[in-house]
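Structure first, then comments.
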Amino acid sequence: MTLTERLREKISQAFYNHGLLCASYPIPIILFTGLCILACCYPLLKLPLPGTGPVEFSTPVKGYSPPPADSDHKQGEPSEQPEWYVGAPVAYIQQIFVKSSVSPWHRNLLAVDVFRSPLSRAFQLVEEIRNHVLRDSSGTKSLEEVCLQVTDLLPGLRKLRSLLPEHGCLLLSPGNFWQNDWERFHADPDIIGTIHQHEPKTLQTSATLKDLLFGVPGKYSGVSLYTRKRMVSYTITLVFQRYHAKFLSSLRARLMLLHPSPNCSLRAENLVHVHFKEEIGIAELIPLVTTYIILFAYIYFSTRKIDMVKSKWGLALAAVVTVLSSLLMSVGLCTLFGLTPTLNGGEIFPYLVVVIGLENVLVLTKSVVSTPVDLEVKLRIAQGLSSESWSIMKNVATELGIILIGYFTLVPAIQEFCLFAVVGLVSDFFLQMLFFTTVLSIDIRRMELADLNKRLPPESCLPSAKPVGRPARYERQLAVRPSTPHTITLQPSSFRNLRLPKRLRVIYFLARTRLAQRLIMAGTVVWIGILVYTDPAGLRTYLAAQVTEQSPLGEGSLGPMPVPSGVLPASHPDPAFSIFPPDAPKLPENQTLPGELPEHAVPAEGVQDSRAPEVTWGPEDEELWRKLSFRHWPTLFNYYNITLAKRYISLLPVIPVTLHLNPREALEGRHPQDGRTAWAPPEPLPAGLWETGPKGPGGTQTHGDITLYKVAALGLAAGIVLVLLLLCLYRVLCPRNYGQPGGGAGRRRRGELPCDDYGYAPPETEIVPLVLRGHLMDIECLASDGMLLVSCCLAGQVCVWDAQTGDCLTRIPRPGPRRDSCGGGAFEAQENWERLSDGGKASPEEPGDSPPLRRRPRGPPPPSLFGDQPDLTCLIDTNFSVQLPPEPTQPEPRHRAGCGRSRDSGYDFSRLVQRVYQEEGLAAVHMSALRPPSPGPPLPQASQEEGTAPEKGSPPLAWAPSTAGSIWSLELQGSLIVVGRSSGRLEVWDAIEGVLCCSNEEISSGITALVFLDRRIVAARLNGSLDFFSLETHTSLSPLQFRGTPGRGSSPSSPVYSSSNTVACHLTHTVPCAHQKPITALRAAAGRLVTGSQDHTLRVFRLEDSCCLFTLQGHSGAITTVYIDQTMVLASGGQDGAICLWDVLTGSRVSHTFAHRGDVTSLTCTTSCVISSGLDDFINIWDRSTGIKLYSIQQDLGCGASLGVISDNLLVTGGQGCVSFWDLNYGDLLQTVYLGKNSEAQPARQILVLDNAAIVCNFGSELSLVYVPSVLEKLD
């Protein structure tokens, strides 16, 4: 068993056990699921759900004035301004963007020196801003006059009163962590701990206090012990109530004069106005609510047609609750994780949850209600989940793989969507497996057995349903036709064989193909590819940055690389998405970063300088506020009870400030405990993975950014998905026996459907069958009409058996066998030599030597030993493994003794040798005269003298030789047996009396196939011709015997009187050249006759007048098997291994499939599938409507053609001394029955299913009569 098969079996077993758990304890599981839903939706109670994202509108700074409050001043005039751009904004936001670095960097500096000194300069900047005064001709303006004055915080924010300003200007900076007191900052030994002390204990929310005070996202700030880029970024946020252009201009000029940025190219041209809609908008919820209402109605009206469901409303409501709960859980978890949507792509997330959730509901419902209805509820739930386990896990793994690939493209839009999708998939899978499955088990449990029988329509009790393409005239006949007394009616599993309405067909089509999920996955892949291709700061930038950072070249080896500003910006604020600036510190190979210092490292006395990093500015720095959560500004104003719903704010152009600090300032600002603390990690980590470090010197709680854990978890999941992907590719690209010298080691392989394993092993039983003995050689032809069974061996002996009791009713002697019944293995050897000596040609003297055409070996004649003596080497028995069966003490009526010699005397060889001499003489006469001599008394008289069936227990009769030829084909209908011989003779025998009724005496080409249908006989001959006969029965008043030679016209053939009825056989039509080569397959049904030949063609004839309707061409080899039924569905198989389905009404080919590696040996169809077997010892089951291969069953060697269909959902196959029963719908091995110890070494060569639920197995010269086990009758 391969790794994939073991994994599939484990998954199936896990789902089976989970189904048993859900069905056994439904109430506790529903309560547990409800608590989980409430817990995941708890964040929604505190954090209101957003409607849509904020809307932006830009205006130029030059000549800006607030719009008038009267919205009617421009009515009737076309304008590009939005409707909400009316009146003054709530506030004007002015950000002073500070970039600071310590340069040049010394090796004795610590990691904490990267941000301690730059943060200390924030206090000086705040003082400069507060002290700025505008003096002009109109007077003086200070900050207190133009800024937004705030009052108290909300009562629930007492912890933030020492951090946020009250009763003054709304001015925010990182200094607020220390109440804008430099002494507090200087005395703080744990800066990072102070910054993160107000962070939530679980995960960061969308707008944290750190983001509010720093004004930039946390990963862009550079305040981290593990960042490689020694640059700190933060903003000082000023909130103005009125727009004063002169004051703002003077403030910008003063700050840029005090802290110039020589390489800054930021544009100060536009104001950006941001409008915030209502957080809960009814208009935005209408489409989503409408979608769920439509979902409820669709599921309800669809489940009204499912009779296996008790409560239609309950199932529809459960489906809607499942999908809605999945959405709420997803949004709640995303809110808890801080994953708030900032792009329009996040708004389609609820609708994706609806689509995926609906499809999973349909899949689970279809799988569970398709299980057998007579099983216990928990077993039905377990089987339903187990059957879809592999499909569910495969789809989930595929979706997660696509999401992981999209996440690691490092495109922000794709990452946000992927994070939303991961949460949605996990929550949806959780609810499907727990909530909906449990509710479905409760609903099915309420379905009473009486209620089930009452709801089932009468068509469900029929053995077969209406297949696709059946003419309307057969539908009524099938519905009212009662079952015959000897036909077992097997109840089909659930309702899968019923005529489904269109709405259920749509549901099952979606559930079977998972079309919606596949389209979503394909669309996601295309969308990710487009964004990766068009995003300038995505994966390519990140890879280029990694190559630049990890370059082993020493300092000064390469100069700055000129990069276009539009493609790769010189300094992106995100360390993970940026390249080092041209002057970034490049260390030699033997030099470590400051983060690589070991614990308790002592700074070196000697200082080695490296090139100072140059602070650069790029276009992305102009709108860094866009990377903040869209709740950033509403959260800040909500703290002061100011709402931004249906209002807007205006963002002024950023004021850039660059700070360069020398190492001496960094050393002076260092805390005494910094040198004694292990601040640096043992190894450097990529930028952006770590944003926080240990809390303090005391070894307290470590504040790690959740990004590391997310990346680690996603990386592990990506590795698992990659391994599974490689396994799937191995399974698809490599054959089953890849790397193995032979076939599978097991006796039989299960089906390949995921529903094959239900967690239990199929039972194996052993029964003692009825053994039908009496043939001297291997049985070649079998025929039955339900009550009688006729068999014929290679010796030409025909036996008629009672299919109910197994008794031998009649033995029809072959007219003149050349050997005694004691021949055994000697005659097998003799037959082989005779076949070789005949050269494959049938002669009247040797009628038993010509088997059917496809089995006749050809070869040179044996060398003669003496010139005038016959060759007696054929009498030597070299088969020492075959022993003569001992005579039973009390022979049973149904068992015939194999030998007629007595125990007193030895074996008499005289007759055997004498026959060989006689055969030599007869052969010489045959070669000279080309006409056989008279064999003695006429055959009808011999049959009449022999009488009817011989007495039970009497030895076999010795028959005289004849020129009739060996039997090549055999058919049975009623009490008449039609025999086709190699000499071309057609015989009709009475199966009860054992007498010859009539025959066609004209010597012609051998009859290779027969059809006996409604008193019409069609004989296919070796030369490719067809003969159509009709039988007539006349009641004669006196025994009469007719003599004469039959003619080929309309005159009757010579009938032979039998009992009181005379059967006459008339040749009505002849098709002399139906095919160019021998006809190998012949079938008739629904008034049509189909022939298959070695000339690669099939022909369709009308049975009543032998008119050729169609010539079907589609095979590249000889036709080996043909199937046709009353629904005008025709299937054919050939030596090319192909299977073709044809429409008999139009003569067109419906499908063509290469099914086997070799000849197709047998072919049959049910209402839903096509079953084929081949010389490769595989039985393949195909979907009849689509032509898709469902699964395969590997047979034992030599048992490939031994199969039979008991009903539309039950298949029987033969093996080494056993028969196996399979469920056709799923490929499950239901039961294996061993036929006693005597048959273990014998393969079942042929299986014939009788109408009385009996199975006839051909084990060489013996037949075994087996009845369908009662266990299977109950299962069906």
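The backbone N, Cα and C atoms fix where each Cβ goes, glycine too.
Note that the coordinates shown come from a computational prediction; the quantities given were computed from them, not determined experimentally.
Annotation source Swiss-Prot lists ubiquitin cross-link at Lys454 (among others), citing similarity to another entry.
The feature ubiquitin cross-link is assigned by Swiss-Prot to Lys466 (among others), with similarity to another entry given as support.
Taken from Swiss-Prot, the feature omega-N-methylarginine covers Arg1048, and the record attributes it to similarity to another entry.
Taken from Swiss-Prot, the feature region 'Loop-7' covers 535-710, and the record attributes it to similarity to another entry.
Look at Swiss-Prot and you will find 731-1276 tagged as region 'Interaction with SREBF2'. Residues belonging to the region 'Interaction with SREBF2' (731-1276) score a mean pLDDT of 69 in the model.
Here the repeat 'WD 4' (1074-1111) is broken down by DSSP into helix, strand and coil counts: 0 helix, 23 strand, 15 coil. Residues or ranges marked as repeat 'WD 4' by Swiss-Prot: 1074-1111.
Sequence-distant neighbours of the repeat 'WD 5' (1114-1152) (same chain, 6+ residues past either end, Cβ-Cβ under 8 Å): 467, 469-471, 474, 1077, 1080-1086, 1088, 1090-1098, 1100, 1158-1165, 1170, 1172, 1174, 1182, 1184, 1187. Annotation source Swiss-Prot lists repeat 'WD 5' at 1114-1152.
According to Swiss-Prot, the feature repeat 'WD 6' maps to 1155-1192.
Here Swiss-Prot flags 40-279 (among others) as topological domain 'Lumenal', drawing on similarity to another entry.
The topological domain 'Lumenal' annotation in Swiss-Prot covers 334-344 (among others) and is backed by similarity to another entry.
The topological domain 'Lumenal' annotation in Swiss-Prot covers 540-707 (among others), and the record cites similarity to another entry as its basis.
Across the repeat 'WD 6' (1155-1192), the DSSP tally of helix, strand and coil residues reads 0 helix, 22 strand, 16 coil. Secondary structure counts, DSSP: the repeat 'WD 5' (1114-1152) has 0 helix, 23 strand, 16 coil.
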